[in-house]
Amino acid sequence: MTVSIIRFGGSNCDRDAERALEHLDIDAEIVWHEDGLPEDPSGIMLPGGFSYGDYLRAGAMAARSPIMAEVREAAADGVPVLGVCNGAQIGCESGLTEGAFTTNESARFQCEHVYLRVERDDTPWTAAYEEGDVIEIPIAHGEGRYEIDDDRLAELEDDDRVIFRYCDENGETGPDTNPNGSKHNVAGVIGDRETVAVLMPHPERVTLPDVGPTDGQGVLQGFESA
Amino acid sequence: MTGYTATVTVRLKHGVLDPEAETTQQALERLGFELEDLRAADRFEVDLEAKSADAASERASEMAERLLANPTIHDYDVEVAER
């Protein structure tokens, strides 16, 4: 298993992701998007940052770059794909996952620690946790409000595709524990397959023990269990 | 072939929260303006050559479908004028 971390012009969490994965003994390499995926990729991470200056909409340009066609193909073949922050925006823009991440309700960039409730523990990305667990993790985004039409959201919820919701430290979700105004406090969803997931918060920033909490390790360990 | 300008207007679907428009409205109200509502939209003016206005419109619509708009949150319309 070697996770290919795709670097777009403006990615800035790629090296953090590499270090976090290596700390977990998961091999990782940074791949420049114009070079394309390696043959037979075994894992793909779309890191955070500001690809293409986030012009038009966050993730819109990167989602339509040639390497994303390769990523969609690999994802359809069952290769684990994780999108974080800008990577989550790219994931939704490219159709890997449903919905859209758009301007925060506050209309501001927000950088803070939040709590997430684990909504199911039988996906690779959440297998390290128990359903109902509360994890502490940072967000750093201006466009993280999950938006989707109500009927489609109901279908996603029926299909158990929501894997993380914003909550308080006791796991209660509601308008007061929703940092960006996401519909139904959605912070992370899976795609058609459980091996594809996106989330706005940054697990790679809460993985190395020397920088604080390590609640994000379980998400990244998903590459091994996928 | 004729030169056209296709104007693509992309706006949030009805009911989708627009924090930037709300902030703009509040700023106008602070300046003393009275208004009931304010909606913001992105406008793209695309100059292109096409055989007919319909062909120009079709190509601009495809641009909206594939990049300029995100169908999850946006509606769009296209107007074509000869240059």
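Each Cβ is built from the backbone N, Cα and C atoms, and glycine gets one as well.
Non-local contacts of A:C85 (active site, nucleophile) by the CB criterion (under 8 A, 6+ apart in sequence, same chain) comprise A:C13, A:P47, A:G48, A:G49, A:I139, A:A140, A:H141, A:G144, A:M200, A:P201, A:H202. Taken from TrEMBL, the feature active site, nucleophile applies to A:C85.
For the recorded site, A:H202 (active site), the DSSP three-state label reads coil. Per TrEMBL, the feature active site maps to A:H202 (among others).
All chains included, 29 other C-beta atoms sit within 10 angstroms of the C-beta of A:E204 (active site). The active site annotation in TrEMBL covers A:E204 (among others).
Long-range neighbours of the region 'Disordered' (A:205-226) within the same chain, counting only residues 6 or more positions beyond its ends whose Cβ lies under 8 Å from a Cβ of the stretch, are 1, 3, 13, 16-17, 19-21, 23-24, 26, 43, 45, 80, 82, 123-129, 135-138, 194-195, 197, 199. The region 'Disordered' annotation in TrEMBL covers A:205-226.
Of all Cβ atoms in the protein chains displayed, 24 besides its own lie within 10 Å of the Cβ of A:H202 (active site).
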